């Protein structure tokens, strides 16, 4: 099994990504196990931020690193929260505060205007100076509910309506979420790229 550093401090992402990557034969180690310092996400796109995080983790650990930059894009909000999804309600906002801000911003918006999607960009760098990092993107179409539903998942999962299963993302069991989610789709692409490499 290949060891891989997961460049995130988000424990929800660590749990979900470790489970997904284990399916592909990777032994995932969280960057917190190496005391990797935080790095400013100064990019203006999901791709730029994922590269910044993967390069930083690879540099500090000496191991291959994978970084995820993901977020929710709401059409009514002209794509917000986007790359600012984790800090939509402020720099140190909790998942609950971000979710509450989203619901407040969407209050009174009719169902047909509540379309949204999750995006996930995964970047894998074999080392800090990798000139050809693997970059994979996945998206997941849905809409924004008027109130939270479900106990599973993290972030915006309780308000993200999944049309395929007629429930909130937070109501999905883990195997089904892996199959449908933006992160699961991006990881499938990453695994296919690794097999071809």
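Using the three backbone atoms N, Cα and C, a Cβ is placed for every residue, glycine included.
Here's what Swiss-Prot has on this protein:
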BINDING   8, 9, 10, 11, 12, 13, 70, 154, 155, 156, 157, 177, 182, 183  substrate binding site
BINDING   69  Mg(2+) binding site
ACT_SITE  69  active site, proton acceptor
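Here the features listed in Swiss-Prot are placed on the structure.
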residue : record                 : DSSP (3 states)
8       : substrate binding site : coil
69      : Mg(2+) binding site    : strand
155     : substrate binding site : coil
182     : substrate binding site : helix
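Maximum C-alpha to C-alpha distance over the listed substrate-binding residues 8, 9, 10, 11, 12, 13, 70, 154, 155, 156, 157, 177, 182, 183 is 21 Å. Put plainly, the binding-site residues 8, 10, 70 were compared by Cβ crowding within 10 Å, and the winner is 70. Considering other CB atoms within 10 Å as the measure, the emptiest surroundings among the binding-site residues 12, 69 are those of 12.
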